[in-house]
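Undergrad: The following feature annotations were taken from TrEMBL:
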type    : residues                  : note
BINDING : 184-191, 265-269, 329-332 : GTP binding site
DOMAIN  : 350-363                   : domain 'SRP54-type proteins GTP-binding'
REGION  : 1-81                      : region 'Disordered'
Amino acid sequence: MFGFLKKSRKPEPEPESASPVDAASDTPETEALAAETRPSADASPALVPEAAAESQADPAVEPQPTTSEVQAPAPVEAARPSWGERLRAGLSRTRGGLAGLFGLRKIDEELLEDLETTLLMADCGVEATQYLTDALRARWKRDRLETADQLRDALAELMADLLAPLEAPLDVSAHQPFIVMIAGVNGAGKTTSIGKLAKYFQAQGRSVLLAAGDTFRAAAREQLETWGARNNVTVIAQDKGDSAAVIFDAVNAARARGIDVVLADTAGRLPTQLHLMEEIAKVRRVIAKAEASAPHEVLLVLDANIGQNALAQVKAFDAAIGVSGLVLTKLDGTAKGGIVAAIARQHPKPLRFIGVGEGIDDLRPFAAREFVDALFARGSVK
Ligand SMILES: Nc1nc2c(ncn2[C@@H]2O[C@H](COP(=O)(O)OP(=O)(O)OP(=O)(O)O)[C@@H](O)[C@H]2O)c(=O)[nH]1
């Protein structure tokens, strides 16, 4: 049940010619150092001449890489199950252990112990599990619950209360452009989530610009351009640039064009890679140089399959870049959906979005009650 660690298929195949960036000149650390000392660029949509002008003005500065933009036709979507159905189906593995527990069985200490084990196995973590089972024990006595089904309903209520503080949808109306920086470990689903978010914000009538700030993984730029193409939005990228410089240009381009939302990708990194954590902190500082109030949101993308490890990631990324919101991907197919309860209890951060699949509509704002209803397969699915 816990061995599910499937690395899902990318939306586009890796290009055959993709090669890693030049290790001597383009390590994230040196990229960021270079970017921090880079002079401010004027807000201008003509990014290529701007880069050329910069290198002419200061011959000591390396020529800036060519910035490109990609636009493509609108996507065609096939009919699919509703979000509620996908969420419910996605949480089926996490629900698996819980489902067998209840029914007409009588409530007793054995049932509560079984429940405790099940919550731990679903990666709720020791603290949230203890909190939920203690509260449940109190309700059992106070409300004189008799059947296991009544206990399940009480658990669902307690869980909904526990998760409610995480429900804080991202409001991008406070700034224009609203700059969102996206971070996380390798393969967490950053680039894919950016693609989904682009569509989400567009559906709200907002214009979106994507910054291909993952300059470390060779295929990441093309992957983002594919997602940009699916959403018909501009992607700011550079042939051979550094993350901070790409995002810096994207912020200026967005301001010049009156764009509403900038979604800035960054390279995946592990919290234990201290030099890379320092590099991403510098990326954040460079964004603030382009726009003093930015980034307006720092989203940490977490793969639900990692379970309890998510807590360590929240802590480390928060210390490095000040995480303001979370995206929890791949809730489909994992038995570790209980990690949401652990986050609520141990590192409460707004859970802005949850992902339950690879489709472009498979990412939505987190809603505590909807999540709990799906987890316990109750309520009317919409
Ligand atoms: N099943 C499922 N797969 C997902 C979900 N979100 C992302 N993925 C898949 O996870 C894989 C990795 O996603 P990416 O977006 O490339 O991850 P990344 O964080 O950008 O990766 P790096 O650039 O290597 O750091 C892809 O195959 C995605 O399709 C989800 O909610 N459910």
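Heads up, the Cβ atoms here are built off N, Cα and C, so glycines get one too.
Would you situate these features in the structure and describe their surroundings?
TA: Long-range Cβ proximity for GLY184 (GTP binding site), meaning a same-chain Cβ under 8 A and a gap of 6 or more residues, is found for LYS190, GLY268, LEU300, VAL301, LEU302, ASP303, GLN313, PHE317, VAL327. DSSP assigns GLY184 (GTP binding site) to a strand segment in the three-state reduction.
Proximity of distant same-chain residues to the domain 'SRP54-type proteins GTP-binding' (350-363), defined by a Cβ-Cβ separation under 8 Å and at least 6 residues beyond the stretch ends, is recorded for 8-9, 11, 75, 77, 80, 83, 86-87, 89-91, 166-170, 189, 192-193, 195-197, 199-200, 230-231, 297, 299, 324-332, 340, 343, 371.
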Undergrad: How do the residues of the domain 'SRP54-type proteins GTP-binding' (350-363) split into helix, strand and coil according to DSSP?
TA: 0 helix, 6 strand, 8 coil
Undergrad: Under 6 Å from ligand 1 by Cβ, which binding-site residues from GLY187, LYS190, THR266, ARG269?
TA: GLY187, LYS190
Undergrad: For the domain 'SRP54-type proteins GTP-binding' (350-363), what's the mean pLDDT in this predicted model?
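TA: The average pLDDT of the model in the domain 'SRP54-type proteins GTP-binding' (350-363) works out to 95.
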